[in-house]
Every structure is written in C-alpha cells, then in structure tokens.
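TrEMBL annotations:
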{"type": "DOMAIN", "residues": "47-383", "note": "domain 'G-protein coupled receptors family 1 profile'"}
{"type": "TRANSMEM", "residues": "35-55", "note": "transmembrane segment"}
{"type": "TRANSMEM", "residues": "67-88", "note": "transmembrane segment"}
{"type": "TRANSMEM", "residues": "108-126", "note": "transmembrane segment"}
{"type": "TRANSMEM", "residues": "147-169", "note": "transmembrane segment"}
{"type": "TRANSMEM", "residues": "204-225", "note": "transmembrane segment"}
{"type": "TRANSMEM", "residues": "322-344", "note": "transmembrane segment"}
{"type": "TRANSMEM", "residues": "364-386", "note": "transmembrane segment"}
Amino acid sequence: MNCTESSFPDFQDFTRNTAFHDHPGFTRNLDLSTALIGTGAFIGILGNVCVILIYSCRMQKRKDDRYFIPCLAFVNLAAIIVSTIFFVSVNVFQTDFKSGFSCKALHFLNRAIFVTTLLMLLIIAVQRYKKICRTFRNRISLFWKRIAILTNVTLGILISIPAVFFYGVTETGRNVTENVTVTAEYRCELLEYDDYHYKAALCVYTVILFILILTAVICITLLYLRIGKQIKKNVQTRSKKMSSSTTSLFSNSLTQNDVTIKRPKSESGMFKVTRQESDLSFPTLVEYSGNGISMRRATSDVHSNSTASNGPKSLNIYRYSYMFFTISLVTFVSYIPPFILIILEAVYGDVLNWGGVSLVQTHVLIMLRRMYFLSYVINPFLFGLFDRTFRRELKIVLSRCRH
C-alpha cells in the first residue's frame, strides 16, 4: 500500500493528478466546476442559516430532540465556507498557489470539519439510541450535551493537526524549450519526501485515521439498526395494546349505578349521557322509545381520546430518528465515490493514467472526488422534509418578509 499517495477526500485536491502539461489552458476549463461549487455554496449557506435561525429563535419546544440540529447546521455552514474557498482557490491557482500558510490552513480546517461532522453524527446516534431504546434513562442532560460537543470539537482539532505537517505548497519546474527554460509551478498538495520516517509517519497516520472513520461509520450504522428494530417493536406493541384495550372497553355493559338518565319530555328521542369509568370519560348515546331504553357508545370519540396523548408525541420522536438516520445515510453515500478513488490511489499508486484522461473525464472525476460537499448542501432540505414545525415556521418567516 502506497500511503504517500493516499489522502482523504478533503485533504488533497484531485487536480494534482491531472495532466496540466498535456492540457494547456486547463485553468480556463475549470470554470464549470467553479460555477457548480458557487451555486451549491449559495444554496447551502442560505439553507443552513435558515435552519440555525429558526431552530434557535422560533422553535423553543422539544429542545431535547432538536438540540443538536443547530449545532449540525453550524458545522455544515462552516464546512461549506471552508470547502468553497479551498476548491475555488485550487481551481483558480492550479499551478500558482504560493501561500503555504493558506494551503496548510485550508487542509487543516477541511479535515477538522470533516472529523467533527462525523463525530457529531455519532453523538446524535447515541442520543437517539438512549431516547428510543433506553426508556427509563432516555435523556442526556444539558451539561453532558455541552461536554459532548466540546469533546467533539477538541478531537476534530487534535486529529487534524498532523495535516499541517503533511500538506503544503510544492514547487516544481518543467522544461519549456530546448534552452532549458524552467517555469516554476506551485501546487497545494500532499508533500512528498524521500525520508523513510516521514513516509512511515504518513502511512501510520493515514491508516489510523481510516480506522477511526470506519469505526465511527460502523457504530452509527449499528445504533440506527438497533433504533429501527426498537421502533418497529414499539409500534407493534402499541397497536396490540390499543386493540385489546378498545375491545375490553367496549365489551363492558352499562349498569344503573354508573349511568344517570333523565326521562325526556317527549315520547321518543335521542340524548347523550356520560359514564365515568376510572379516569376515562366518554359519551354514550341513549335512545328512548317509550317502552325501553337502548344505549350505544360513541366509539370514535373514545378511540381518538385514548390515543391523542401518546400518538403524536411518539410519532415526533420517531420522525426525528428517521431524519437523523437519513442525514447519516446521505453523508455516507456522498463519501463513497471519494473513498473509491482514494483506495485506487493508495493501493495501485498511479494506476490511472491521469495524463491520458480527457478534460470531460477530468471534470467528472473532480466532481466525484468532491461529492461529499453535497451532504452539507442537502441537509437543510432534509430538516424541512421531516420536521413539519420547521416548515410551518419557515413559511411564517417568509410570508412576513414579503410584507
């Protein structure tokens, strides 16, 4: 495994492996990539800002379920800003990236935000697991939530510090004419040294980071599988209890002791009485026809009253779990293409003859390498898809802005 050629999706730009020498004016052809990045950044920044403002200012209820949403949106917002600056800078200054500090800072921030995002999804998965699967101790206190966020950010920074030493600006030259005229090229990329200790350190760091990321992904997946099974079990149990309780309730007969009936003035008619049974009050329709009294219960009222208190609350809890699971799934899927390219580079080195790749193919490969950027843009739409209250508050804000 050639660790010196490997990197993670936000650490080394794909353009390092493309054939600039074979494609003069390649910078001009990356305008489409830059335009797509700018469009995605505009949508993502606007969406995440809306999420942060609405969840923080207008949605104060159910803070336990929504606590991490503004935090995740803030991380996504930071990721979009940093990634956009990095991608556009590399596109524009492909062979003229002279600021070593900017190169190291952008690589460090990209990596730190990526790790922080992944750990944030892990924290949310643990919180949902305790909420759904640990009924009697299902809440994480505000203190421990803040500790978890602080620990998350600290780990993201510590894990990303080595990027400062492994990435930077490389200066290379190439012969332009037979008179050996050298034109210097400056690229922001993975630093390559022949030193054995440097290569060993880079290899160990890359493997450790890959293991940590893979472990986090596996843990998140297992937690949501457990949550899904518990939700299915809870729904089935609730359905059985509702069915049995409804049958038992309607099988009880009315007696003279628990129903008070006043004789109507007319010979026949229908009126309503109320029977008190335990803490449950429900109406009974009584029909008087002269010779006797026939009684029947308003079943729809009983059914709706018995389920009104628990149904919506449980559905909201489950809906948030589905939402966070979908966000995690979208994040994982968006990282599959970048990691496939990384594995090819790491295992086979220069297995792809980047010098023979056309410009169209190069654009496709660049977009695949940066596909993780989409997860930061899509997340606000997922919040709106699953959270009805968020959609309602957003409509209210937009309607007020129009007037």
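Backbone N, Cα and C atoms are what each Cβ position is placed from, and that goes for glycine too.
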- How about the transmembrane segment (204-225) and the transmembrane segment (67-88): do they have 3 or more C-beta pairs under 8 A, pairs 6 or more apart in sequence? no
- Item | Chain residues in Cβ proximity to the transmembrane segment (147-169) (below 8 Å; excluding those fewer than six residues from its ends, i.e. six or more beyond) | 11-12, 71, 97-100, 103-104, 107-109, 111-113, 115-116, 119-120, 123, 140, 186-191, 201-202, 205, 209, 212
- Note on the structure: Restricted to the domain 'G-protein coupled receptors family 1 profile' (47-383), the mean pLDDT of the model is 75
